[in-house]
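**Student:** Can you keep this structure in mind? I'll have questions shortly.
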Amino acid sequence: MQVLVTLWCLICTCLVLPVAAKKRTLTASSLVTCMENSQLSANSFDVSFSPDDRSLHYDLDMTTQIDSYIYAYVDVYAYGFKIITENFDVCSMGWKQFCPVHPGNIQIDSIEYIAQKYVKMIPGIAYQVPDIDAYVRLNIYNNVSENLACIQVFFSNGKTVSQIGVKWVTAVIAGIGLLTSAVLSTFGNSTAASHISANTMSLFLYFQSVAVVAMQHVDSVPPIAAAWSENLAWSMGLIRITFMQKIFRWYVEATGGSASLYLTATTMSVLTQRGLDYLKNTSVYKRAENVLYGNSNTLIFRGIKRMGYRMKIENTAIVCTGFTFFVLCGYFLAGFIMACKYSIELCIRCGWMRSDRFYQFRKNWRSVLKGSLLRYIYIGFTQLTILSFWEFTERDSAGVIVIACLFIVLSCGLMAWAAYRTIFFASKSVEMYNNPAALLYGDEYVLNKYGFFYTMFNAKHYWWNALLTTYILVKALFVGFAQASGKTQALAIFIIDLAYFVAIIRYKPYLDRPTNIVNIFICTVTLVNSFLFMFFSNLFNQKYAVSAIMGWVFFIMNAAFSLLLLLMILAFTTIILFSKNPDSRFKPAKDDRASFQKHAIPHEGALNKSVANELMALGNVAKDHTENWEYELKSQEGKSEDNLFGVEYDDEKTGTNSENAESSSKETTRPTFSEKVLRSLSIKRNKSKLGSFKRSAPDKITQQEVSPDRASSSPNSKSYPGVSHTRQESEANNGLINAYEDEQFSLMEPSILEDAASSTQMHAMPARDLSLSSVANAQDVTKKANILDPDYL
């Protein structure tokens, strides 16, 4: 916790120090009317106030129909609370330009010095709090108390939480998470890749949900909430590059549209923080309703236009900007994968890398490329659908509309196809194997191409992403098509988020419990954001003070939660980079996907031929044994102790059904630890005997006659790669003993053995040796093979 607090303090210090050094000022660049048929309106408005020298610089271009002396009633509001109320006569302040006022245009560029008593009324915190929510309302009356005009000015202190550093940090960390999951998938670390991929995808969807909820056309978004949402606008592709804006303006005009120039206009005031658009054909308003009016020189942007303007993107270039960055990032992703593939091939050809490195990636790189592009389209699904739907209502130009149609077909079609194929393969797997994970994780083609659609979820809930994409699509429909009604958007999106929140708590579809908890928290924050924007839409007709306070709640909650998610992704990435086995750091998913996944194997040419022959021989030998043959040794021991006539258990096992049932019941018993130790020691001792035997007489081996009773032919003889002799059936039915006697070895016993006693002792052992070291020793086949007997050694 101490580390988190320290890191948070460092981040806040880095963001605040560059701004704190600036001079204290209050500025205003937008003036709007707050009553119908106001006799005073602004063509351009620029005011700045410095409390240090009490100077007020104003540059005004106004139009008025007033012809009289005027009196001003000033109300100053901060976060919806009235903090200053003053009434004054304009003539008494010495402003000769307004004493009296005559009809026509008023153009003033001047400096006035405010009295110290008025400067002291402004609290010092107003110059330090970022994205201050303060405005001044002036009601102008004539000498007979007739209300002539109402104007409203919004102030800013130049400090904001919308920082370039925050945008870069969030984008880079999210990109690192996606890159790490992609690399892990290439190396085959499926468990770690699934976990970090699921959490990174959830992080992306959360960032997009914050940007989407800020795109609602609500009445009044508090400045602090609007500024924080700008930090995550990059997740929707809204990134300004100057030369691109010129290209987009040319393209819109070349394809039959008319490009907007609000950012470069010098006689246009734009208000983006709050307010209602000018409502035509409307003449009746509630007395207490706060209605702002624009005119031909003052525009009020809200919704998607507001976010685009705050990102310094023209309205007619918003859709083009989002589409262009989506395509460019897609080309970069495809080029990166292809460059990696051919770079690896070049390194192998030049001898800089072994031929078995990245074998699975080189073999399936086309399906990996398709799966990566599908995953990328899935990430941009929210961006493409919202911008395309909104373009149908804006109609910037014919060319942009055609591109929007293509992207709608592309995104919706591919996501529908991925959902269909996932459900198809899962249903087929259930039909064939009674388990959806068999084909979804056992088939490499399906996993590489469509794995992005279901690996984040439990195998039982493979279909959840179809529900998630439907949820995103429905939200996109309301955000894109319902920009004319912020209340409709806010209420509909809250209901949709509430339904999905209940569903995710009910089903818990993600691959493990921690991932489910993270995504439930994400859905909780998303639901709270939707709830707050219902208040911002003025759906409940509450006072603006409520919305202003909720704006700070929105900022604090989302900033803290974003920090936690980013630290989680960084922690996962650090653990993976400094771990030799990343899969061991994560708990496996609560399904059997790991049992079906195919792990990376070396290339066929990388395996030595002799080693391959030996492995094949061992495999065929293993087939000669029944299942759990090692564990049957113990059951044979127990059976032989009960046999009074000394008959071998192998012969008696085929006698009656009752004995077969007893042997099958003992197959599941496992040897104890002491028995395993004795067995390993016996094998090591016999190997040492064989080594000493070979060293004592390496050149005295000659051909020897094999006794007829031991050279019985086997009807089930098998051939092995690289071995020319024919195997014989052994008495123990283990395929290991008598096969070596057909290699025509002849042992010269007189020259090897010192005397008859030693020869007799060596050829007539009290127990039969089952190890491979006994190939040079003659054994009595009538003796039982019991290597677990304590007297065996």
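Cβ coordinates are placed from backbone N, Cα and C, and glycine is handled just like the others.
Annotation comment: Swiss-Prot describes SER610, SER771, SER774 as phosphoserine. Residues or ranges marked as phosphothreonine by Swiss-Prot: THR626. What Swiss-Prot lists as signal peptide is 1-21, and the listing cites sequence analysis. Among the features that Swiss-Prot reports, topological domain 'Lumenal' is placed at 22-163, 216-223, 273-317, 394-397, 538-551. Residues or ranges marked as transmembrane segment by Swiss-Prot: 164-184, 195-215, 224-244, 250-272, 318-338, 373-393, 398-418, 462-482, 485-505, 517-537, 552-572.
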**Student:** Could you give me three numbers for the topological domain 'Lumenal' (216-223), the DSSP helix, strand and coil residue counts?
**Tutor:** 1 helix, 1 strand, 6 coil
**Student:** Mind checking which residues reach the transmembrane segment (164-184)? Cβ under 8 Å, same chain, six or more beyond either end.
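**Tutor:** Apart from its flanks, the transmembrane segment (164-184) reaches 14-15, 190, 192-193, 196-197, 199-200, 203-204, 207, 231-235, 372, 562, 566, 569-570, 572-573, 576-577, 582.
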**Student:** On the 0 to 100 scale, where does the mean pLDDT of the topological domain 'Lumenal' (216-223) fall?
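**Tutor:** Its mean pLDDT is 89.
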**Student:** Could you tell me whether the transmembrane segment (517-537) and the transmembrane segment (485-505) have 3+ CB pairs under 8 A, leaving out pairs under 6 positions apart?
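**Tutor:** With 3 or more qualifying Cβ pairs, these stretches touch.
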**Student:** Would the transmembrane segment (224-244) count as touching the transmembrane segment (552-572), if touching means at least three Cβ pairs under 8 Å and pairs must be 6 or more apart in sequence?
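**Tutor:** Yes, these stretches are in contact.
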**Student:** In the same chain, which residue numbers or ranges, 6 or more beyond the ends of the topological domain 'Lumenal' (216-223), come under 8 angstroms Cβ to Cβ?
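**Tutor:** Distant Cβ neighbours of the topological domain 'Lumenal' (216-223) are 131-133, 156, 160, 273-276, 302-304, 306, 479, 482-487, 489-490, 493, 533, 536-538, 544, 547-548, 550-552, 554.
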**Student:** May I ask for the residues of the chain that lie six or more residues beyond the transmembrane segment (195-215) and have a Cβ under 8 Å from a Cβ within it?
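**Tutor:** Same-chain contacts beyond the ends: 170, 174, 177-178, 180-181, 184-185, 221, 225-226, 228-229, 232-233, 235-236, 238, 303-304, 307, 379, 382-383, 386, 452, 455-456, 475-476, 479, 493, 510-512, 515, 518-519, 522, 525-526, 529-530, 533, 558, 561-562, 565-566, 568-569, 572-573, 576, 586.
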**Student:** Near the topological domain 'Lumenal' (394-397), which residues from the same chain, at least 6 beyond its ends, have a CB less than 8 A from one of its CBs?
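**Tutor:** For the topological domain 'Lumenal' (394-397), the far contacts come to 251-253, 255-257, 315-316, 319-320.
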**Student:** In the same chain, who gets a Cβ under 8 Å from the topological domain 'Lumenal' (538-551) while lying at least 6 residues past its ends?
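**Tutor:** Sequence-distant neighbours of the topological domain 'Lumenal' (538-551): 77, 79-81, 133, 218-225, 289-290, 487, 490-491, 532.
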**Student:** Of the residues in the topological domain 'Lumenal' (22-163), how many are helix, strand and coil by DSSP?
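**Tutor:** Each residue of the topological domain 'Lumenal' (22-163) counted once, the result is 15 helix, 74 strand, 53 coil.
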